């Protein structure tokens, strides 16, 4: 039966009127569904913006289709204007009107399901896009840090040309443990300096108590360099077989015994025995200290902290001079016996060097030591891998260390170390310091020679701290240049002063000149050729021969010290004082050319990079953490 208002059947006519009334009221069923969808979208996306069709709709079907596609990728964000209701006439006289209405309802339900699915897909896409942007924004500084080398980074980094800029993430250094290790080692250097400065204030009171001869007094002062020569030869095998830490701790005991022998001495032989013990410890420590610090400190601070032993060594000299004015030789020796105690306790708390552990195949111990030095939260995988690869390359060369010292591969770093030690002593520093009072007397200076000696000692003390502050800014070679030029100028000037005075010209108005020249000379030496050869001893020697080569260089240094100090008076007799100063100036000129052409700059470079440059070893590549795990 057809429901139509023209139907003669009364029931059909009533149903036709109701259907027409429903249609004229706006299609209530479809309108309610559309309105519910619009309200839901309004609540989901907020009152300001809603996803609306890109093109205006013309019919009920196109409205539903546009509403479905508006939740997908075809719509645009527009202000949420009020929806204009659409009046659709569904009047029809056909007999298949119910089928058409049912098809329309089914079509709308399908489009509504498509609309909900597209809306969910749109939400997921927006959330994924937002997460990607957040992850990218958060990861930019870290990625930027990993992708830059040698601080060659751009100043800013932005995303899509807008938003906040990000600078390169700074490389954090954990310094407390490295500073602690440097101070612990430098306490041993403090004892070395105290041993060197002991004889000057102690000999006068010792002569009055023990009644020693001038020859015995000279041996009290000169025995220590000879014993240090023996200690330097012994130190190389000790640091290779016992380890750097155990060797350094071990010298605390002979130091203590030597000072106790001197303090309780009732004849000169006990004093000489004590000086011999201290001298051997001085020789061992002078090579063990720079090797330990060179293998434990990071390149960024290796220059400043590596000079700390030299600074505390000069502090030990001043300490001996200061307390020597109030204490006699025995009480001053007791003070020297007390210094090894804190040195011993501090060294117990420091680790062995990771590099020595690798030479013994103890990779896990090397990891623990390096983690302690770099900080508990620092990633050490890259540095550990470099150490492992460097040791692997060293092991591949084979042979014993002593036989390879003068091999073609290791010849260059060994000769550089020996050259630095040679020109350090041929500059005449020890002769000038030891005979400063005599030089002032011969110069006829108007100032008191004792006061001048004290001034030079203070300058020597202060200048080392100046070098500590600027060495990582200017570099090793620049300080060696400054040191050489300043020593050359002052030595030439001193030679000219003594020459003019020797020909009979009165220079009383220039009595201040010798002190000024010696102050500049000592200042120049103390910021360059004084500490840097010892610092570079632990930097330029390859790991394969480091202990043996350091032993050779240390013994060579003490040999040159003894020769220059012993022959100074003989040289003066032969070529006069002015000729002696000009000879030292000529040797400093040779040292300057040696630095220019042969000495490499090691500032900011790892030991592996320095070794690769000097020996031509294979390039070290670090590709992943997997290499670290395999190496360890």
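Every residue gets a Cβ built from N, Cα and C, even glycine.
TrEMBL labels come from automatic prediction, so no person has curated them.
Of the listed segments 382-407, 512-537, TrEMBL assigns transmembrane segment to 512-537. Residues 414-434 are the range that TrEMBL records as transmembrane segment, among 414-434, 603-623. Here TrEMBL gives transmembrane segment for one range in the set 144-170, 549-575: that range is 549-575. Given the ranges 218-236, 351-369, the record in TrEMBL names 218-236 as transmembrane segment.
Non-local neighbours of the transmembrane segment (173-198) in the same chain are 224, 248, 251-252, 255, 278-279, 281-282, 285-286, 289, 292-293, 296-298, 300-301, 305-306, 308-321, 324, 332-333, 335-336, 339-340, 342-343, 346-347, 349-351, 372-375, 377-378; each lies 6+ residues outside the stretch with a CB under 8 Å from one of its CB atoms. Here the transmembrane segment (218-236) sits apart from the transmembrane segment (454-471); fewer than 3 CB pairs are under 8 Å, leaving out pairs fewer than 6 apart in sequence.
Comparing 305-326, 332-350, 549-575 for CB pairs under 8 angstroms to the transmembrane segment (512-537), the maximum falls on 305-326. Spatially, the transmembrane segment (454-471) is not adjacent to the transmembrane segment (549-575); fewer than three Cβ-Cβ distances between them are under 8 Å for residues at least 6 apart in sequence. Here the transmembrane segment (581-599) has Cβ contacts under 8 Å with residues 415-416, 419-420, 423, 426-428, 476-477, 480-481, 484-485, 487-488, 491-492, 494-495, 498, 529, 536, 571, 575 of the same chain, all six or more residues outside its ends. The average pLDDT for the domain 'Major facilitator superfamily (MFS) profile' (181-603) in the predicted structure is 87. With a threshold of 8 Å between CB atoms, the same-chain residues lying at least 6 positions outside the transmembrane segment (478-500) that come near it are 427-428, 442-443, 467, 470-471, 507, 510, 513-514, 517-518, 520-521, 523-525, 527-530, 532, 576-582, 584-585, 588-589, 591-592, 595-596, 599.
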